[in-house]
């Protein structure tokens, strides 16, 4: 095998002649680092929310205090779920707009997404205050702790998403999202859709399944 | 090197979005589909005795609806449909792992036998 | 890659790039030497070295705690430590060794070596890399600050509920433990994302996945384990935090909580954790053994796939830590079987290492000795591990010193021996001088002796029925002799670690009179040995093109028709020369990772002592994130942002990089 081995460029200097030797920004998968990183983070978040959902399933029957279906207001929660679901549509339209380079349209859709998200959060705060008034405090029962922790944790994720969306609009208004950074919008969008998807699970598992 | 004309710019940067608005129509239709599924979900609450999901079928129906919604959003809105397969693999690795591990864990608590899940 | 093709990044529209001026609160720091260069560095090599140094610092703390434990158990009815203090000492010993020593040493090697082994110039997200390190360091300091603020955690490193509740542990020790590990968890998670993206995205031309050095493979698997295991622990710790700080009911038995919830979540994290601690050491050994046997690794794909198999199967065995917790016969049987199965891929690795050495011209240098130490000691630990998969036997051994013996054989005899081998092996690459071989060999034999004196007797003690975590024992049970042996062993072990530290300084002084160590002191096989020692900031110039496994070796050696090795080029011919690195784009240093990480322990102190302080911490964190995002992507003086046509043409000359590529580069330094 010696012949074939010596025939290839073994010397370090020869590497410099190789076609790609100096393009260090290239990525092997063809996906940008940030996008790949965001997907990995989201995969990891599955296990975080999985742990909290599992805890809820284990503790959904309280020994004392109100039970889930005495207290849930399904029509109300359905509405706010619907609001969050539609925010995914506005988000994806924002991504679509920036892909075409339409900055103004993107800002409008992102603003709409943030507004829908804020509506959802307002609904959640209202829901929590009603529950507390009806006697379901955070420390009331194992169910109450698990419920508030799971939905509250999700709410924090939505809030962080809203902050990112608002920051995006502000950055965009100041011209800080030029075309070559347009992918930032898509990546924030990935986070936003993921938060929505988690709510799809929570809505079905926590609210709709009867005990 | 860089292309300046609008016409021969291939579809782009992110993942192949198009110049006109046809992708947006897909998004709107998807959202409508999701809305319909959500309405069905809520209908199971409003009419629990509807023959399709009476009694023990209720939970499976809800789980199927949930899964369809979940994967539709991930597939269309999160662009896995249009993106490189490795993203799908990585994300599903986490998702499948989470589902399997946590179901195994709940099984050790034997919660399925308490009538909680049909 | 799609983005580098000849097209603009989006349809040109209203605003063009020319008006783009990034905003930053600070200009990016530029120091390349001195303390500031370390505080602001984003260089994976400096970060790797800091990981290692911090881990050795924590090793000394954790080791001192181990010595306290052994002194307390020297004789029956020891009085050195009270029962309460003993609880704190063994808890902090375990926590420190797992989270602040073994994991960070793995991270140190992963940080230093992965970019070098795959032919990259840095990691994918250099600033996130720096953040990971600082968050780990501050988290570790935060946990240990509990000693000064009311006492350490006292629930064992696994912190079982309900003992971890406020009722049974009213001091703040467990709060420190809990919040500190959430912080180090954030560090591990961001580090994992970073390193996985690095391996998937930044390999040199020709470096396919199946040509990567084994260390990179094993580190990749262990980063995936971190990615998926850390959030499980974090979710459990959030529950514990809410229980202790805000009176939630997750582990409050009087409200119907099930303490097994913690146990499950902890071990779902905990068992992958075990594998992610050992896999980097396996990787190091898999690179060291072939070097000193002068043979390729036996069955490269088997080593790789058995590592991946360990990664997957590691998720299905957690309940073998819980055989006596009453999880029921079906669960016990299931997890018994899965635990037996996971021994298979581990056995494959042992076989491969043995076969690698078989028939080789073995050179017993210090790295080689430590690697053989790993193979043998880990095998002993692995065998006692398989014993535990047999549930009836495990039920007898649970919570005895037999378990302590077992996991020290795998974690110390396995992971730590591998790391010591790695230190000796890569020291010249990182610091430009060799560690003294005679001291190194003495170090190995002393460590091997001390290790076996300490932990082998624990098998006997365990079988005699001595419980772990008891702070003293009565005379007359036959525990006296073996406890004395173990204590002597512990001090021998400590002196071997001291000898290692001595060796570092001794060799550094001696090295002044020696010729500089070349790029390739060990006649290495993988491409990190191509670059000058110590590694220059830019790593590779030019980036090598890789054509096979052990690429560097086959640049030096060919084979005749009957399979004999022949030297075809001298090291000097194939190694890279140190260049001035001009024209190579490197990420600029930044303050923000340090500031962001600093906010985390402040917020954590706030959660324990005063929510106002937590607010301050939160403001630091949020401010740092905005500073981070708004920071100019690069040092403006280096003229990389204006996309001028000559941005790259300065010295490299041969690489004409077009606008889009440069733009992409910027996106990628966003991290």
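For all residues, glycine too, the Cβ spot is worked out from N, Cα and C.
Curation plays no part in TrEMBL annotations; they are all automatic predictions.
Summarising the annotation, TrEMBL assigns domain 'Heme-copper oxidase subunit III family profile' to A:1-211.
Residues or ranges marked as transmembrane segment by TrEMBL: A:39-59 (among others). Under 8 Å from some Cβ of the transmembrane segment (A:39-59) lie the Cβ atoms of residues 142-143, 145-147, 149-150, 153-154, 190-191, 194, 198, 201-202, 205-206, all in the same chain and six or more residues away from its ends.
Residues annotated as transmembrane segment in TrEMBL: A:79-96 (among others). Outside the transmembrane segment (A:79-96) by six or more residues, the chain places 105-106, 109-110, 112-113, 116-117, 119-120, 123-124, 127, 158, 185-186, 189, 192-193, 196, 199-200, 203 with a CB less than 8 A from a CB of the stretch.
Per TrEMBL, the feature transmembrane segment maps to A:108-126 (among others).
Per TrEMBL, transmembrane segment is recorded for A:146-173 (among others). Counting same-chain residues at least six beyond the ends of the transmembrane segment (A:146-173), those with a Cβ under 8 angstroms from any Cβ of the stretch are 49, 52-53, 55-56, 58-60, 68, 84, 103, 106-107, 110-111, 113-114, 117-118, 120-121, 124, 128, 136, 138, 184-185, 188, 191-192, 195, 198-199, 202, 206.
As annotated by TrEMBL, transmembrane segment applies to A:185-209 (among others).
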Within the domain 'Heme-copper oxidase subunit III family profile' (A:1-211), what mean pLDDT does the predicted structure show? 89
